[in-house]
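Q: One structure is given below, represented as structure tokens, and several questions about it will come after.
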Amino acid sequence: MGTLRLTGWAAAQRGFPAATAAAAAPEWGARRSRRRWCHGAPLARPRCAPSPASAVASSPAPGAAGQLRAGAEREWLWDCRGGGARDYAREMEVAVRVVQMACTLCQRVQDSLLRPGAGTGDRVHSKLDSSPVTVADWGVQAIVSWLLSNSFPDENISIVAEEDDETLSSSDGAALLESVVEAVNGCLVEAPKYGLRSPEKELRAHDVIQAIRKCSSTGGPKGRFWVLDPVDGTLGFVRGDQYAIALALIEDGEVILGVLGCPNYPMKKEWLNYHQKYYRLMSKVAPPPLGSWHKGCVMYAQKGCGQAWMQPLVHDFGKLDWRHPREIQVSSISDPISATFCEPVEKANSSHSFTAGLAHSVGLRNQPLRVYSMVKYAAIARGDAEIFMKFARAGYKEKIWDHAAGVVIIQEAGGVVTDAGGRQLDFSRGVYLEGLDRGIIACSGALLHQRILDAVDASWNSSTL
């Protein structure tokens, strides 16, 4: 079972007992018949229990951020080798912690935007395509860049990310840059709470610009690089609704691991149908039980493990909780009459009318779930919806940061993601999903997926996309 096991240093710092771990590698999409493994042996029980010998004997001082010194005892780590492939324990542990920190920064910025009477002039900017970009977008990109570079000091970290520093570096960007620097330093100072290391002194404006500028990789078919969407669904973020932070690791064109931070994701699926402002209002009228996990999560998965997980936000619970991650699984619904499909809120880059026609032709009767960002991928991975369809309008090209993390999480949770021709998405051709056949289809199971593919083929020639 692919779950996180802490290093001796991180466990001792946070005071957590060892988490449990097992690994599985089922066929793609064959989810529920998996065998569970621990230390190389199949298990009947669902989780591995830590042995007494694994207890932390001491609390060695860390070397680089989040690392143990050479020879120091290691405790529980992420235990999934992807069917005997390379161990990505270190990468997964760092990635989850980094996204947790990014969620905290975003929640603070969103709360400040939603305060009565709060202006947005020094925190929100419009790009050339009129889409918004905020302090949170640049702030997250800066802290992810800085933390990854300092967590892997022996590597030349390569990052493909959405934002650039042009606006912040301009003469008109001084106020925005000041707000970004403040948000970044306010978050990084709390890094030890996440098991990461803070900078020795506050970052200056130049340091923040350099961190953002480092995220300029163009990807490609060879080598290793991270893919980041600092705030996926910025329009939803500005409006106080759903958004996501998406981080993935790609090696030689294949997505190895993905982490999705969904700070506003409600644990009760019914609330996904409502704007987040109504959830906030109802939470004030009828507050959830103290200490309950009622919204917000970080989801994560590694290719080949056959499982996906989610944990609550540090921002809401005050600590990392590796002990009680929840396994997430796609829905078992295969009858279109009972299925729910997701689609983007905005019509600018997708066709609601075409997806509505497809939904009708395959027998879908439920109202579509329209949510911002990669939260749509999260909804399918968690079993809250069964289908996500996106068919871009002519001239629009899908970017890899909008899909990489979500794809691997759905696949490891038991679902299927392909283009409309049934081919797996190609992340090896730069920043765009080149060669995409018409659109993207993600489903909870193979039967629904095939019905959607057939419906696309039957109706495509009559579409006006």
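Including glycine, each Cβ sits where the backbone N, Cα and C put it.
Automatic prediction, not curation, is the source of TrEMBL annotations.
Values in this document were obtained by computation on a predicted structure and should not be read as measured data.
What TrEMBL records for this protein is below:
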- Glu162, Asp229, Asp232, Asp402: Mg(2+) binding site (BINDING)
Q: Taking the binding-site residues one at a time (Glu162, Asp232, Asp402), which has its Cβ surrounded by the most other Cβ atoms within 10 Å?
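A: When each Cβ's neighbours within 10 Å are tallied, Asp232 leads.
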Q: How many other Cβ atoms sit within 10 Å of the Cβ of Asp229 (Mg(2+) binding site)?
A: 31
Q: Write out, in the order they occur in the sequence, the residues of the chain not among Glu162, Asp229, Asp232, Asp402 that have a C-beta within 8 Å of the mean position of the C-beta atoms of the recorded Mg(2+) site.
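A: Neighbours found: Leu228, Pro230, Val231, Ala246, Ser373, Met374, Lys399, Trp401.
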